[in-house]
Structures are given as structure tokens and as C-alpha cells.
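According to Swiss-Prot:
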type	residues	note
CARBOHYD	5	N-linked glycosylation site
CARBOHYD	265	N-linked glycosylation site
TOPO_DOM	1-25	topological domain 'Extracellular'
TOPO_DOM	47-54	topological domain 'Cytoplasmic'
TOPO_DOM	76-99	topological domain 'Extracellular'
TOPO_DOM	121-139	topological domain 'Cytoplasmic'
TOPO_DOM	161-197	topological domain 'Extracellular'
TOPO_DOM	218-237	topological domain 'Cytoplasmic'
TOPO_DOM	259-271	topological domain 'Extracellular'
TOPO_DOM	293-313	topological domain 'Cytoplasmic'
TRANSMEM	26-46	transmembrane segment
TRANSMEM	55-75	transmembrane segment
TRANSMEM	100-120	transmembrane segment
TRANSMEM	140-160	transmembrane segment
TRANSMEM	198-217	transmembrane segment
TRANSMEM	238-258	transmembrane segment
TRANSMEM	272-292	transmembrane segment
């Protein structure tokens, strides 16, 4: 009889930034501007790569895919968050929460494997420069992209299914601004040891394995660079990897802090702050890190702007 009388959770109350009630409108304006800027910068990068044939190379192919990923990644979270900031009723349905978690994990996990593919691309460019165009043909690039998406789909499907098969009979107050794994698991009626298992699975398949692949690529890259006799040549060669290394460092630092650390040492407000950094800020800065440091891309952008606005000049 006790089980029958329990109320099944059909929606979650998204508390998010409720502790900052007086700043809701200010946060809305800030996050809206950041979101629009993210969409704009990534759209510019994608269109420049598509329109300029000089950028039709494996490295820029992956950069365009990365920008597409960032747009989708933020679209899953930010619009709903903006609506909640201005709404009195800050809720999300049970199904909507599951869809949001699946989508977020899919794009986030695919992003990790995409970074591994980009590391492999840098390895092939530096260690096999003469055969690079053959070894990294269109078919190989498409295959790496498909593999990244397949891995992301598997991780997100398994993890989301396991989480939402748990019984939810207790509180429905979600202490976060979107349906991330840990905040949702805290609301499950039974999850003894299960939360650690799910997070471990996510960490291994979506973080540890891609990171190991990246490390293997860079061990070989560094080994090849050290064989270059000129210090100028070594610096110039390694500089082609600098942007990728910065993005990898930021991505894995934030993700590891959220998913691979002991949960008892940090509050939900600290989790929210870190989550803002990797769901809103990194999608804005990642493509910019790649493009602004790249002279070839900046030249292509100037050509594209010139051909678009001054076609007859």
C-alpha cells in the first residue's frame, strides 16, 4: 500500500538561479547577448569555411563541425533557460527533461570524440605531411565524424535510459538550470551507488577514452617535432596545435570537475557556476580560439566579406 500511495513525478521545478531572484532580468540580458554572440560567431565561421575553397581541408572541416556542434549544444540549454528566467512557472516535463539530458549528453560526448578526431588530424598533418591529403581524404573525415556521433549517441542513450528508468517519487525541485545527470539523480527515490556508476560510465566513455586518444596523438606529435633541427621550425609546427590544446584543456578541465570529482565536496551553486562556463562560455570562445589565432582563416574571412559586400570591386 505504501508504494501505491506514492506520487509519481511528472514534471520538475527548475530552481536554477532562484537564489538570484533580483538579478533575473539582468541575467536574462547577459545570457541572451552571449547566446546571440555565440550563434553569430559560429555561423560566421561555418559560412566562411563553406564559401572559401581554400579552407576546404580536413582541419577546417572539423572546425566547421565543431561550430555546428557548439550551436546545437547551446540550443539544447540556453533558450529554455532564458524562458525560465522571465517565467513565474519554471518547470519542465518529465519527458522534456529526458530529451534535454539526452541531447545535452549527445552533443557533449560527440564534442569530446570530435576533439580526439581533431587531434588525430593534427598528428597526420605533422607526422605524415607528404601523404596527409591522401590519408585524410573526405571519406576518412566523414568516417571520423560519424564515429564521434555514434559514440556520443551510445553514451547519451544508455545514460539517459538508466537515469530515467529510476523511480521518481520524492521531491521534484531540480537545483540546476537544466537537466544534468547529478541534479536529476539526486531526485531519484532509489539510487544507492547508481549515481556513481552512471557518472563513471559517462566519464570513461565520453571523457577518459577521447583524452587518452588525444594524449597518444600528442606524444607522437611531440616526438616528431623534437626531430626538427630548427627551433623556429619546431615553434612554427607546434603553433599549429596550440589552439586545439587550449580548447582540449578548457573542455576536459570543466567536464572533469563536474563528472569525475567526489560529489560531497561541492555545493549545487558551485556546480551551477561551472556548468555556466562550459554550457555558455566555452561554446562562444572555442571557435574564436581556433579562428582568431589562424592567419589563413582571417584572410579567408576578409575575402568572404569582400566578395559578399563588394562583389564588383
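The backbone N, Cα and C atoms fix where each Cβ goes, and this holds for glycine too.
The predicted model assigns the topological domain 'Cytoplasmic' (293-313) a mean pLDDT of 79.
Taken through DSSP, the topological domain 'Cytoplasmic' (218-237) splits into 16 helix, 0 strand, 4 coil. A contact between the transmembrane segment (238-258) and the transmembrane segment (26-46) is absent, since fewer than 3 of their C-beta pairs, 6 or more residues apart, lie under 8 Å.
Looking at 55-75, 198-217, 272-292, the range that has the most CB pairs within less than 8 A of the transmembrane segment (100-120) turns out to be 198-217. When each of the listed stretches 26-46, 55-75, 198-217 is scored by C-beta pairs under 8 angstroms to the transmembrane segment (140-160), 198-217 comes out highest.
Among residues of the same chain six or more beyond the topological domain 'Cytoplasmic' (218-237), those with a C-beta under 8 A of the stretch's C-beta atoms are 119, 122-123, 126-127, 245. Contact between the transmembrane segment (55-75) and the transmembrane segment (26-46) is supported: at least 3 Cβ pairs lie under 8 Å, counting only residues 6 or more apart in sequence.
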